[in-house]
Each structure stands twice: as structure tokens, then as C-alpha cells.
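Trainee: The structure is given below, and queries will be raised subsequently.
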Amino acid sequence: MYYGFDIGGTKIALGVFDSTRRLQWEKRVPTPHTSYSAFLDAVCELVEEADQRFGVKGSVGIGIPGMPETEDGTLYAANVPAASGKPLRADLSARLDRDVRLDNDANCFALSEAWDDEFTQYPLVMGLILGTGVGGGLVLNGKPITGQSYITGEFGHMRLPVDALTLMGFDFPLRRCGCGQMGCIENYLSGRGFAWLYQHYYDQSLQAPEIIALWEQGDEQAHAHVERYLDLLAVCLGNILTIVDPDLLVIGGGLSNFTAITTQLAERLPRHLLPVARAPRIERARHGDAGGMRGAAFLHLTD
């Protein structure tokens with residue numbers, strides 16, 4: 001059995017998957033915020049409960065919103081302070097007496113989608129998350145690509161390309177990102193960025209779902225906003241896809257529920273790619289909230 005943990009700032013979610021990659025059981029508990037020992041206990045107790053339930057010693061994979069910094073799994077995870085700066089993988093491996101795999105939650109999302117029955121035919125899969133932030137991951141032949149600093153797929157921290165400024169105007173404000181850099185595309189393409197763009201152009205403070213509801217009602221202002229956002233997304237993706245050249249692009253996160261993104265993006269991309277380039281197949285993520293658990297569990301299928 002394959003145990004996949006999706007760990008976030010509020011919850012620790014465990015999914016147990018069988019050899020056919022089907023979910024057999026899941027359970028969620030609150031994430032301890034201040035005590036590392038309590039955090040380890042919470043994870044280990046879930047593993048022990050799963051072992052007893054299924055009568056096996058399952059493999060353990062963990063997806064967490066952070067970046068492993070060393071081989072022992074020490075990670076930077078601002079949203080999970082109890083585990084940040086701790087040798088999480090090494091400590092869990094010792095306590096559970098088994099190999100524990102650890103990766104960024106966005107990489108786990110991409111891996112989950114790459115291992116979908118319909119998508120395994122594609123050698124190079126790019127996962128793109130358009131949610132609270134912008135992130136993603138790359139999977140080549142069923143294995144996540146991490147890079148020496150574990151930052152592969154941090155697409156949100158690429159800066160706005162020149163074509164974006166041509167589209168938006170050269171007086172378009174370059175916003176400071178939480179990472180400290182200026183003009184990161186996350187500030188414009190995330191759910192929060194989607195709302196910020198609307199306020200910037202129309203001086204109205206609405207959240208993304210409210211703007212999308214107006215678009216669905218045929219509101220002209222919302223329509224113009226969505227057109228501008230999709231053009232900006234296509235411009236930024238043109239740079240990324242020229243570098244990565246994936247066979248499949250899977251889009252997840254809250255904005256992926258807005259069908260116009262997947263249905264209208266494909267027609268905009270070719271003008272931002274090399275003439276000889278083929279745009280990838282574009283699909284909405286298949287596995288929703290279970291994607292993080294799936295991808296973490298499948299870290300043990302990548303050998």
C-alpha cells in the first residue's frame with residue numbers, strides 16, 4: 001500500500017492507495033503549529049493507524065508547501081512552522097522504520113496528474129497551479145524534476161516578459177512579491193492577482209469568484225477583464241512553454257474551475273510560441289483535493 005500525505009498550514013491529510021493507484025482510505029487531522037514533536041506524532045499516528053487497518057507496512061510519501069534544503073529532508077516551510085528547519089524526512093524515516101519520500105506539494109500535484117490513467121502516455125507533463133499563488137512542477141517519464149535547489153516549477157517567480165508590458169502598458173506597475181523580487185507573474189496571474197488586476201483597471205474591489213459570476217452573466221466589464229487576463233496568461237506561458245516544451249499542460253488551483261481558462265487558452269498560445277512549436281494539450285486537473293495525497297503516495301513509484 002502507498003501512503004500519501006498532503007500537509008498544509010491547517011490540516012494533515014493521509015490517503016492510502018493500492019497497487020492499482022486507487023484511493024482506499026483517507027483521514028485528516030489538524031496540523032500542529034508550534035511543537036515539532038507533536039507534528040511528528042500526528043504523522044506517525046496516522047501511519048500506524050493505516051498499518052493496522054490494512055495489515056501491511058505501507059510506503060510513506062509526503063507533499064508539503066516547502067522546499068527541501070538538504071538530503072535529510074530539512075526544509076523551509078513558512079506555512080508549516082512546526083516543521084520548518086527540521087530534518088523531517090530523516091526523523092520520520094527513523095521513527096517509522098521505513099523509507100520516507102518528501103517533495104514540494106506542487107511537484108506532488110504534477111506527479112498525481114502525470115500518473116492519471118489518461119495522461120501516462122505523455123512523456124513530459126507540466127503542472128501549473130493558479131490558486132492563492134502560482135506554482136507547479138515538471139514530470140518527465142513519470143518522475144518529478146526537482147533541480148539542485150528544489151525550485152524547478154516555481155513558475156510564479158518568473159518576471160513579467162516584455163510582451164506583457166506591451167499588452168498592459170509600459171506604465172503598468174511592477175508589484176513587489178513576497179519573495180522580495182519585483183514583477184513576479186504570481187502577483188498578476190494568481191487568484192489574488194486576478195482580483196488585483198480588476199481593481200487596478202476598474203477601481204472596484206471584488207474577489208475572483210464575484211468577477212467570474214459577472215462574466216457568466218454577460219457583464220461587459222468582466223468580459224474585458226477576463227480577455228485581458230487570458231492574454232496576459234498566454235504571454236507569460238509562451239515564455240515558459242518555449243523553455244519546457246511539454247506534451248501536456250495540466251492546470252489546477254482555484255482558477256482552474258473557471259472553464260474559460262482551459263477552453264480559451266489554447267487559441268491564444270500559438271502567437272507567443274516559435275512558429276515550429278506545437279502547443280501542448282491543455283487539461284484541467286483531474287484529481288482536485290486528492291491530488292496532493294496521490295502525488296505524495298506515488299513518489300514511491302518513481303524508481
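Note that Cβ sites are derived from N, Cα and C of the backbone, with glycine treated the same way.
Feature table excerpt (Swiss-Prot):
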BINDING   4-11, 133-140  ATP binding site
BINDING   HIS157, CYS177, CYS179, CYS184  Zn(2+) binding site
Trainee: Using a 10 angstroms cut-off on Cβ to Cβ distances, just flag whichever of GLY4, GLY8, GLY133, GLY135, GLY137 is the loneliest among these binding-site residues.
Mentor: GLY8
Trainee: Looking only at Cβ atoms, how many others are within 10 Å of the one on CYS177 (Zn(2+) binding site)?
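Mentor: Other Cβ atoms found within 10 Å: 17.
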Trainee: Could you tell me the C-alpha distance between CYS177 (Zn(2+) binding site) and GLY137 (ATP binding site) in angstrom, no decimals?
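Mentor: That separation, Cα to Cα, works out to 20 Å.
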Trainee: How many Å separate the Cα atoms of HIS157 (Zn(2+) binding site) and GLY8 (ATP binding site)?
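Mentor: Rounded to a whole number, the Cα-Cα distance is 21 Å.
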Trainee: Considering the binding-site residues VAL139, CYS179, CYS184, which residue's Cβ sits among the greatest number of other Cβ atoms within 10 Å?
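Mentor: That would be VAL139, with the most Cβ atoms nearby.
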Trainee: If you count Cβ atoms within 10 Å of the Cβ of THR10 (ATP binding site), leaving out that atom itself, what do you get?
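Mentor: Around the Cβ of THR10 (ATP binding site), 11 other Cβ atoms lie within 10 Å.
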Trainee: Any idea what DSSP makes of HIS157 (Zn(2+) binding site), helix, strand or coil?
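Mentor: Its secondary structure by DSSP: helix.
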Trainee: How many whole Å apart are the CA atoms of THR10 (ATP binding site) and CYS184 (Zn(2+) binding site)?
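Mentor: Rounded to the nearest whole number, the Cα-Cα distance is 26 Å.
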Trainee: If you count other C-beta atoms within 10 angstroms, which of the binding-site residues ASP6, HIS157 is the most crowded?
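Mentor: Answer by Cβ density within 10 Å: ASP6.
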Trainee: In the same chain, outside HIS157, CYS177, CYS179, CYS184, whose C-beta lies within 8 angstroms of the Cβ mean position for the Zn(2+) site?
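Mentor: Filtered neighbour residues, in order: GLY156, GLY178, GLY180, GLN181, GLU186, ASN187.
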Trainee: How long is the line from the C-alpha of GLY4 (ATP binding site) to the C-alpha of CYS179 (Zn(2+) binding site), rounded to the nearest angstrom?
Mentor: 29
Trainee: Going by Cα-Cα distance, pick out whichever of the binding-site residues ASP6, GLY8, GLY137, VAL139 is nearest to CYS184 (Zn(2+) binding site).
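Mentor: The smallest Cα gap between CYS184 (Zn(2+) binding site) and any of the binding-site residues is with GLY137.
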Trainee: Just the number: how many Å between the Cα atoms of CYS179 (Zn(2+) binding site) and GLY133 (ATP binding site)?
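Mentor: It is 12 Å, counting Cα to Cα.
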